[in-house]
Amino acid sequence: MAQVSINSDYSEWGSSTDAGERARLLQSPCVDVVPKREGEASPGDPDSGTTSTLGAVFIVVNACLGAGLLNFPAAFSTAGGVAAGIALQMGMLVFIISGLVILAYCSQASNERTYQEVVWAVCGKLTGVLCEIAIAVYTFGTCIAFLIIIGDQQDKIIAVMAKEPDGASGSPWYTDRKFTISLTAFLFILPLSIPKEIGFQKYASSLSVVGTWYVTAIVIIKYIWPDKEMRPGDILTRPASWMAVFNAMPTICFGFQCHVSSVPVFNSMRQPQVKTWGGVVTAAMVIALAVYMGTGICGFLTFGAAVDPDVLRSYPSEDVAVAVARAFIILSVLTSYPILHFCGRAVVEGLWLRYKGTPVEEDVGRERRRRVLQTLVWFLLTLLLALFIPDIGKVISVIGGLAACFIFIFPGLCLIQAKLSEMEEVKPASWWALVSYGVLLVTLGAFIFGQTTANAVFVDLLA
């Protein structure tokens, strides 16, 4: 077996325990990962975790499914219909699963337990910094999307409570979207975002799962038994151009991006073996694919090209079953925002402390003041942007490109570097095949990131 010599300059900027909580960064809300100490079991040790194989499947599905679900019917419309949407997702699934397996392999090789630590250890300091910056921007953008989703659902719920028809004008000031989003954010999200720890993670995850499955069920049921007043728009059967297909990529990448939280899940397993993990992620992605396809196909066929970027906005306000779905989504987002903010704040904190060369063991008062300041700046910026961005589609079009980096580029770079580090005089055909596949991942990821980001900037944001 080839020996592997992974880059070791990760330690130049500090160990994985700096920035207060780096070892817990971006782990799945259902997984408790204990920072490594000398003498602890490595990721390959059978006694290194407590999560069963079935439990790991559930956690990965939980990490994958989320708010991006609401945008999938619009993604099918953008891609050019059901056939194009299905083909795009099926083609992407191979790369999504392989990226998850690559990360597990590199986690074993580097003995690291979180996504960014694996990238640091395998690819070096520069790539590690870029990875952490990407995580910070991605979580920031996702928080903006969460606030927009809250506004979308509140608009419909308030319309029912005020007994106003959809699209009515001249509403009272206290029903204005900007006011309701701001009030909800200050009353609920900000207090939950300031604490150093977020002990409600597991409850929030369970709520998110219930809400996601309920939304999927409602969309499918409403397609099978539609309301009489609902009339679909044009049902596209083919994409307008090949570029239109790629415009659906951000939603798919955003929806299936669970790679950042996958490494802690892998290391939490009782038997964290790459072969077992391959079965786990394959089963999890098939389940997620079924949920996303069910929502995307049925939502698109119900409304056609007229579907809203947030599919729940396309349904009448007075529909009780859909109103329950909206309430589920609001509760889920209210608890998910602090979790994403916690992850982004930890990245920013780590980068800042390493840049300043400040030890973690500083006085508690300075840490508390800095945490409150970081939280307020993060919260106010995301709120301000959410108030003036009209729909989640525009946000997902931007952060979906970053999701492609986590799915394609960083796993591809890790695979290339891991294989290049092997001490073998004669390289077998499998070695060249894996290196070539790594190059393919990086190239494809760079193309998706560049194309979707450019399209988001010049078409969506500047339109």
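Here the Cβ of each residue, glycine as well, is placed from N, Cα and C on the backbone.
The annotation phosphoserine is assigned in Swiss-Prot to Ser28 on the grounds of similarity to another entry.
Here Swiss-Prot flags 56-76 (among others) as transmembrane segment, drawing on sequence analysis.
Swiss-Prot lists 82-102 (among others) with the feature transmembrane segment, giving sequence analysis as the kind of evidence.
Positions annotated as transmembrane segment by Swiss-Prot: 130-150 (among others).
If you look up Swiss-Prot, you'll see 179-199 (among others) marked as transmembrane segment, on the strength of sequence analysis. Sequence-distant contacts of the transmembrane segment (179-199) (same chain, six or more residues past either end, CB-CB distance under 8 Å): 20-21, 147, 150-151, 154-155, 158, 173, 330, 334-335, 337-339, 341-342, 371-372, 375, 378-379, 383, 386-387.
The transmembrane segment annotation in Swiss-Prot covers 206-226 (among others).
Residues 26, 60, 63-66, 68-69, 71-72, 74-76, 78-80, 84-85, 88-89, 92-93, 96, 99-100, 103, 115-116, 135, 284-285, 288, 292, 393, 396-401, 403-404, 406-407, 410-411, 448, 451-452, 455-456 of the same chain lie 6 or more positions beyond the ends of the transmembrane segment (240-260) yet place their CB under 8 Å from a CB of it. Per Swiss-Prot, the feature transmembrane segment maps to 240-260 (among others); the stated evidence is sequence analysis.
The feature transmembrane segment is assigned by Swiss-Prot to 283-303 (among others).
According to Swiss-Prot, the transmembrane segment annotation covers 320-340 (among others), on the basis of sequence analysis. Long-range Cβ contacts of the transmembrane segment (320-340) within its own chain (Cβ-Cβ under 8 Å, at least 6 residues beyond either end) map to 29, 66-67, 70, 139, 142-143, 146-147, 149-150, 153-154, 156-157, 160, 184, 188-189, 192-193, 198, 200-201, 203-204, 207-208, 210-212, 214-215, 218, 221-222, 312.
According to Swiss-Prot, the transmembrane segment annotation covers 372-392 (among others).
If you look up Swiss-Prot, you'll see 396-416 (among others) marked as transmembrane segment, on the strength of sequence analysis.
Residues or ranges marked as transmembrane segment by Swiss-Prot on the basis of sequence analysis: 429-449 (among others). Here the transmembrane segment (429-449) has Cβ contacts under 8 Å with residues 95, 98-99, 102, 246, 249, 253, 401-402, 404-405, 407-409, 411-416, 419-420, 422 of the same chain, all six or more residues outside its ends.
Against the transmembrane segment (130-150), stretch 372-392 has more CB pairs under 8 A than any other of 82-102, 206-226, 372-392. Note: the stretches the transmembrane segment (82-102) and the transmembrane segment (372-392) are not in contact (fewer than 3 CB pairs below 8 A, sequence gap of 6 or more). Beyond the ends of the transmembrane segment (206-226), by six or more residues, the same chain brings 61-62, 65-66, 69-70, 73, 291, 294-295, 298-299, 301-302, 311-312, 315, 321-322, 324-325, 328-329, 331-332, 335-336 to within a C-beta distance below 8 angstroms of the stretch. Residues 56-57, 60-61, 64-65, 69, 72-77, 81-82, 85-86, 89-90, 93, 96-97, 100, 212-213, 215-216, 219-220, 222-224, 226, 230, 232-233, 235, 255-256, 258, 311, 314 of the same chain lie 6+ residues outside the transmembrane segment (283-303) yet bring a C-beta within less than 8 angstroms of a C-beta in it.
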